[in-house]
C-alpha cells in the first residue's frame, strides 16, 4: 500500500472503531462483534473502502503478538510448570478429539483424507485473540475455566508448528538431508533465543532504564516484542509463541510492570484492527453461493467443539457453573486456521473452493462466539439466580434492597457481612460465576450478572435502593457503573472502591463523595500500631492517624489533575506536601500538650 493509502486506511480504521464499537456496546452485542461488523462494512464485500485485506490481516496479527507478550509477563516459569498437565493433557485431548470428529465429517463430504486431516486440525484451533479478550471481559481469567482455557490455547499455539511441518508430507513433497539441516539450524536458533533472552535482555533493560528517558524504554519494549515476532517468523514458527516466551523470560524481572504499561495501548488498538480485518476477510460471495452448506458447517463446528470442551471440563471435575463458559469461549475457529489453510492451499492439499469455504466457516464461527457467550450468561443467570420463574420476568429478584453491592470479592464480602450483620437488606451482584455458586452454597444471596448493564441494575432494584456500593476490580467497570447510576438513578447514593489515587481523582471528578482507597485504611492502622511500638502513647498515635487521614484527604482534593502539564503538576504536589507536613507538625505539637485519657487496652 502507498503511504497516502496507508494513512487513509489508518484514519478509516480509527473512525469505524470509534463509531461501531460504542454502538455495539450500547446494543449489548460486545466490542468484538462490533469490530467484526465494522470490518464487513468497509471491506471488499461491503462498501469496498479497503481492498488489500491480506496485507492488513498479516499486519493486524501483531495484536495477538502483543497480547501473548503481556500474558507471558503475567506468568513465570514456575507458574507455567504447574499448568503442564492441563496444557499437554486437556489441550492435547481437545485438539485430538476435535480434529478427529471434524476431519471425519470433512472426509464424508468431498475432501480427500489429506485435506480432511489438515482441515480437521485447522478447525480444532480456537481464536486466541477472541477467547482471551472475552475471558477478560467476563472475568474468567481469575477462575478455573479461564486457566484451563488458557492452557488449551497455549497447546493449540504449540500444535501449529508440527501441523505446518505436516503439510508438505501430506502433499507428497520428499525431503532431503538439507531439510533436516535447516530444521537443526532452526532448533539451534530457537535455543539461542532462549539463552540470549535469559541472560542478555535484563541487563539491556537495566542500561536503558538508567538513561531515565521513558520514550527510549517504550522503544526498547516494542523492539523486543517485534524483534521476537520477526525472529520466530523467520524460523517458520508462531510469532505469538515467540513473544509469549519473551514475556515469560521477563516475568520475574523488575521491569515487568513498566513493560506492561508500555505495550498495553498498542495491544488494544492492534487487537481491534485484527478483528476488523477478520471481518473484511469474510467472502460474502462464497457465503451467498453456498449459504446452506456454510451455515450447517458453522453449526457443526461450534457444536462439536463445544461438546468436546464440555466433556473435557466435566471429566476434569470443573465446577458445573463454569463448564458452559469454558465450552462457549473456545467454540469458534481461530486465526491459525487462516495460516494452516493458506499453507495447505499453496501445496495443493486444499483444492478448488475448499479453501474459501473453510475460511468463511471459520470467520462466521468467530462471529457467533460473542452472541453465544451472551446466551450462556442468560442461561447461567437464570440457573444461579431466580429459580422456577417465567422467562419474561427479570433474572434478578427485586427484593427492594436498601443497598446494592457490586462485586463479591474480598473487599465486597467484608462490606456485605457488615451490612447483613446490621440487618440491612442488600442485593449482591457478581460477574464471576464460580464465586456466585460457591457463596450461594454458604447461604449468601448473590446474583450472577454484569452490573455495567442498565437492565440488570434496574432489575436489582436500583431505582428503589438508597445506596450502591461498587467494589469492582477493574477501574473502568467502576466508572461505567458510576456513569450509569448518575444518569439513570440520580437518587442513588454512590459509594465506591478506589484502587489508588488515580481512581480516587476520577471518582472525585465525577462527583462521587464517598469512596475508599483499598489499602489506605489498613496501612494507616498498621502505621498507628507501629507508632505505639516505637513508644508513642496510644491516644497520640490514634490522633496522629486521624490527622494524617484528614490532611491526606485534603491534599487529594487539592491536587486534582489539571491541564497544566507534568512539570507544573509535580511542582504543585511538592509544594502542597511541604505545606501539609507543616500543618501536621503544628497540630501534633498541640496534641502532645493534651492529657492522655486512655491507653491501648481501651480499644
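Sequential numbering from 1, following the chain as shown.
Including glycine, each Cβ sits where the backbone N, Cα and C put it.
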Which listed span Swiss-Prot calls transmembrane segment, if the choices are 291-311, 396-416:
291-311
Which listed span Swiss-Prot calls transmembrane segment, if the choices are 268-288, 436-456:
268-288
Local confidence of the prediction over the domain 'RCK N-terminal' (400-521), expressed as mean pLDDT:
83
Winner by Cβ pairs under 8 Å against the transmembrane segment (230-250), considering only 29-49, 53-73, 268-288:
53-73
Could you tell me how many residues in the domain 'RCK N-terminal' (400-521) are helical, how many are strand and how many are coil under DSSP?
52 helix, 26 strand, 44 coil
Considering only the recorded stretches 5-25, 115-135, 207-227, 326-346, 356-376, state which has the highest number of Cβ pairs under 8 Å to the transmembrane segment (53-73).
115-135
Contacting positions for the transmembrane segment (152-172) when only residues 6+ beyond its ends and CB under 8 Å are counted:
68, 83, 86-88, 90-92, 94-95, 114, 117-118, 121-122, 124-126, 128, 131-132, 236-238, 240-241, 244, 309, 330, 334, 336, 339-340, 343-344, 347-349
Using a threshold of three or more Cβ pairs below 8 Å, and leaving out pairs closer than 6 in sequence, do the transmembrane segment (326-346) and the transmembrane segment (29-49) count as in contact?
no
Best-contacting stretch, by C-beta pairs under 8 Å, relative to the transmembrane segment (268-288) and drawn from 115-135, 326-346, 356-376:
356-376
